[in-house]
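As given in TrEMBL:
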DOMAIN    152-247  domain 'Fatty acid desaturase'
TRANSMEM  20-43  transmembrane segment
TRANSMEM  50-71  transmembrane segment
TRANSMEM  86-104  transmembrane segment
TRANSMEM  144-163  transmembrane segment
TRANSMEM  169-188  transmembrane segment
Amino acid sequence: MATAHSSSTAWRARPAQGATGLTLAALVCAGWITLHVAGMVLVPVRWATLPLVLAMAAVQCWLSVGLFIVAHDAMHGSLAPGRPRLNAAIGATLLFLYAGFAWARMRDAHFEHHRAPGSRDDPDFDADHPSDGLRWYATFLSRYFGWPSGLYVCTVVTAYWLLGVPLLNILLLYGLPAIASSVQLFYFGTYRPHRHDETVFDDTHNARSEGWGSWLSLVTCFHFGYHHEHHLDPAVPWWRLPAARRARATPSPGRLEEAAT
């Protein structure tokens, strides 16, 4: 079984993984930047444009989730296998762009999550409120969104305001997608997989996977609803998690290795 610090040799042996992962990462980043620029300087917020503005905010929220998921793959080395400096450079850039997060701090906290998932030693987990989404989310925010993130957001907002970007554009097409993406990441990528309910976890990963189809899984959290598969082998990139889940459902010795076929 792979750990948070190691990668499956079988996955790393596939040279196409890096090309595919980097291409998808570029598409996510390009989409995010394009919508962000359009939202700040091209699309006026009026009653007539409100449906378009809200649609843009929804897509930007999803793409913001994508930025974080790509950075997450970089933490595990699955974005560009065998190229740790490239993984670190891309991951650090995307985390800073997302919310002013520090790469080393987020990476180390995520490895702690994998070492002790669903326990008091897990920084993602609220051991005092394992079934209370609202309190857990508040704990989640307090642990990750500190003063550096606040300073980053204030700096961005102030810069746009000084440049003449309308306040409604900043609120609806920067602030709203950013906040909503944190809720989306928490709910689908942390709370639902690790929450305590009447079901029993399969193993010490203390994680469960959703039974959703691939399209719904992609829309909700870039396939991180297939969370047990991620914990079983963190080296599997986000876009291969549906295949990993299908392979795991097939009773054969090399289940995860078959996911690429």
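Just so you know, glycine gets a Cβ as well, placed from its N, Cα and C.
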*Which stretch, 20-43, 50-71, 86-104, 169-188, tops the Cβ pairs under 8 Å count with the transmembrane segment (144-163)?*
86-104
_Should anything in the same chain at least six residues away from the transmembrane segment (20-43) have a Cβ under 8 Å from its Cβ atoms, list it; otherwise answer none._
49, 52-53, 56-57, 59-60, 63-64, 66-67, 70, 73, 78-80, 90, 94, 160, 165, 169-170, 172-174, 237, 239
*asked:* Below 8 angstroms Cβ to Cβ, which residues of this chain, lying six or more residues outside the transmembrane segment (86-104), approach it?
replied: 25, 29, 64, 67-68, 70-72, 74-75, 77, 79-80, 144-145, 148-149, 151-153, 178, 182
_How about long-range neighbours of the transmembrane segment (50-71): same chain, 6 or more residues beyond its ends, C-beta under 8 Å?_
24-25, 28-29, 31-32, 35-36, 38-39, 43, 79, 90-91, 94-95, 97-98, 106, 172-173, 176-178, 180-181, 184-185, 219, 221-222, 224, 238
*What are the DSSP helix, strand and coil residue counts for the domain 'Fatty acid desaturase' (152-247)?*
63 helix, 2 strand, 31 coil
